[in-house]
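These come from TrEMBL:
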TRANSMEM  B:89-108  transmembrane segment
TRANSMEM  B:186-211  transmembrane segment
TRANSMEM  B:256-276  transmembrane segment
TRANSMEM  B:288-309  transmembrane segment
TRANSMEM  B:315-337  transmembrane segment
TRANSMEM  B:344-360  transmembrane segment
TRANSMEM  B:388-409  transmembrane segment
TRANSMEM  B:415-438  transmembrane segment
């Protein structure tokens, strides 16, 4: 067993955190694999529940140090979480995985301070040996983070909440969650929860839907008893609330706890937050809790310890609807694929349709227009719309990079930042149009423009569904109808009154919803119930938050969603000159 | 007609490369499987150079598989470091120049093709019918495509040696188009020496030297001359010009072969001097050509062979090696027969096929054939599926790194994910080849119909 100092930067030398690490060498192992246990605590202000989680950690650790059956090393990290659990754990992991080779001992302290990873006393020399002796175990097989939270409900069973979402919607292997869930519920009698949206649990419309489903299911069951389609109302409501929370956390792309730091190194990790159902001064209840919590931890350690291989790769992509129920990638990909399926078809129809039309025109027309730069060959006409797409994508890249520079301006309110951002974006767009010609004057057929937009959105959605499925799914729900319904307002004039109104209304509604700040504003306004200007500032804060966690959702919003929205606006406002009339005008 | 502000766009492309090289920092492009292959990786070259400096064979340890001449030229540059830039900045700067030269040669080739095309159309009296509707300066377009192709840029900035290989192929085609036998032979020998596969380009080169640049099929000229002789017997110009087109000139071909032998000898001599005392030519052939043909390195790339040979049973391996290598050779003859009147286009098709089927493909190979594709902008104006191909290429090139990340880094995917993009990429390239050949044939048929009409 060794104790080791690690990591926690805060920029100043006086203010730092210390992670304490203990390692048990496995009597039966070769030291090539390890299991990590993490107990976060705040060293500045230790509360009774944190003491309890440290006690739990230490008792498990001291028990495991006597275990003869260990074949993987055990690492116990008590992470000093005064600057946040995530940063403490991630800096330790960073140091664990990036060994420092000190070839220049002279530069020692400057280098280490510069690298901001390791904390040192300024004299540096005495500590060098200790730095060299940064202790490691083998590759991490799995990690378990456990902490004891506040007592929520007295008298009930103790409950455990599992947190699993890491950055960009990555999940730990489902087997790990299953192990934890099984042991907690069936062995130790905990109540296991996952995160949920409480507002959905009490919503009445969801209950109505659930009842419809229940009745439908029972009718179907009467027709054929083999169809097990019925789902009870509470199950449905709870599953939906859990699923919504799971999707939201994945879509946000921000880890829900320090397990996210492990996932960055491809280590499966899950956070368990115990919520004891007793008062923390109750000694008897505490020792019983320590016993059961310790058994749970030991059970998980034993399960992982006995594994000869890694967890199977098929169980990384899923949503949780209950601690023991999930929706696998094989299931949730089907609706998404169905949602995406019309896009290539529509794009092909639009591109093909405009081509045949173009050919007819070519035949009618005399061979004029030869000094036009683009090729007249019907099949290359889309080059113009591809150019529009490239300009808009270029703009989107610039817009997505702007916050990095804007945030360098010191001492401004979020709302000021947001306004600067918006103004700069619009200016850049105008400059780009001035340089490369605006799409409305480029004479692009709206069908080709729409085909290009739809193709680009297909590629964008396909990519995003791989990077972070939940974001792609939620985005697709707005973006795909917006793309498919878009039709120039002038072209709509030819239609009948009723379809025209419906189309117009859906166009306006979807375009408003599709604009990211507007969508955010509406969501915030609905949830808060207040419509103030601060929401604009909130949008900036939210984007900054995503940026800082390097969430792919940020990239999605600015590189897929925003350009598509702008293209959609262009399609809607397309002047729709027929080529003949254009020639007449000229 | 020429493209307006061609030079400013070309300069912007070069400037963009320079900005990326000088200020882009280390983009880690050299370690991307799409960009660098075991044959073209500059890091391997640096290793080979280091081994050679240590008086060992550069080929020892299965690290380096390129030419010894590259070691001589680029090797000293790999040692130089400059603070604040990525490791191989000097090589990257050279590759920027190489790309620019290649683009200029493509443009010059385009000029030659354009002149030949205009002459042929004039002799067929089709200038009015064809040339006015579709007439752009193909050379300008091709060189701009080559310069602005993101893959060419990535290859150049990522310092792989593929720009040099591409340059040699372009030199060969340019030399053959302008009937400069020594230049064509130099390009041919060097390209073959560097990456072996351009060896099959000898067919279009000989056709180019013999018949001259691309022309409509001889049948068209024959029909024209017969109809002309029917209507006007005294007009001998056209029949004589059509005879010009048909005639195969043996002299430049003979020169080419002599020069080729000379350059081969010269290159081998230089190689053996470079490898003197640290290994011989025998080892060089084994470690370069042998490495290419036997697909020894199975690390993933954008091709399809690595996956196949990782799966295949050992006792079938040699059989399938023969099958896969013959695949390229099988295509040579039928295409040469069908497209013998358009040798430059034939060379483009060969490079595309090589880029699909070679053992260690990279995006640099695709950059070459996409650049050459631009040379036939006039003929391929009616090509089908261009919209699909364009977005397919974009989609695959974005999807491939993501899938690679999912497999290698996140661990939530497996090899099939990445291989699927490789497969899609191969399909796209196949569609491109098939479509371009068929639209070229259609173009020829249209010319014939216009002549008979």
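Yeah, the Cβs are placed from backbone N, Cα and C, and that goes for glycine too.
Keep in mind that TrEMBL annotations are predicted by a computer and have not been checked by a curator.
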Sequence-remote contacts (6 or more beyond its ends) of the transmembrane segment (B:89-108), Cβ cut-off under 8 Å?
10, 13-14, 17-18, 21-22, 42, 74, 77-78, 80, 82, 139-140, 142-144, 146-147, 152, 155-157, 159-160, 163-164, 166-167, 170-171, 174, 178, 371-372, 374-375
Stretch of maximal Cβ-Cβ contact with the transmembrane segment (B:288-309) [cut-off: under 8 Å; candidates B:186-211, B:256-276, B:315-337]:
B:315-337
Counting CB pairs under 8 Å, which listed stretch among B:256-276, B:315-337, B:344-360 touches the transmembrane segment (B:186-211) the most?
B:344-360
Residue numbers, six or more beyond the limits of the transmembrane segment (B:315-337), whose CB comes under 8 Å of its CB atoms:
197, 200, 203-204, 207, 293-295, 305, 308-309, 346, 349-350, 353-354, 357-359, 437
Remote residues contacting the transmembrane segment (B:256-276) - C-beta distance under 8 A, at least 6 residues beyond either end:
57-58, 67-69, 71-72, 176, 181-182, 184-186, 188-190, 193, 205-206, 209, 283-284
Short question: which residues 6 or more past the ends of the transmembrane segment (B:344-360) have a Cβ under 8 Å from it?
37-40, 109, 113, 169, 173, 177, 195, 197-198, 200-201, 203-205, 207-208, 213-214, 292-293, 295, 297, 301, 303, 305, 324, 327-328, 331-332, 335-336, 366, 368-369, 372-373, 375-376, 379, 426, 429-430, 432-433, 436-437, 440
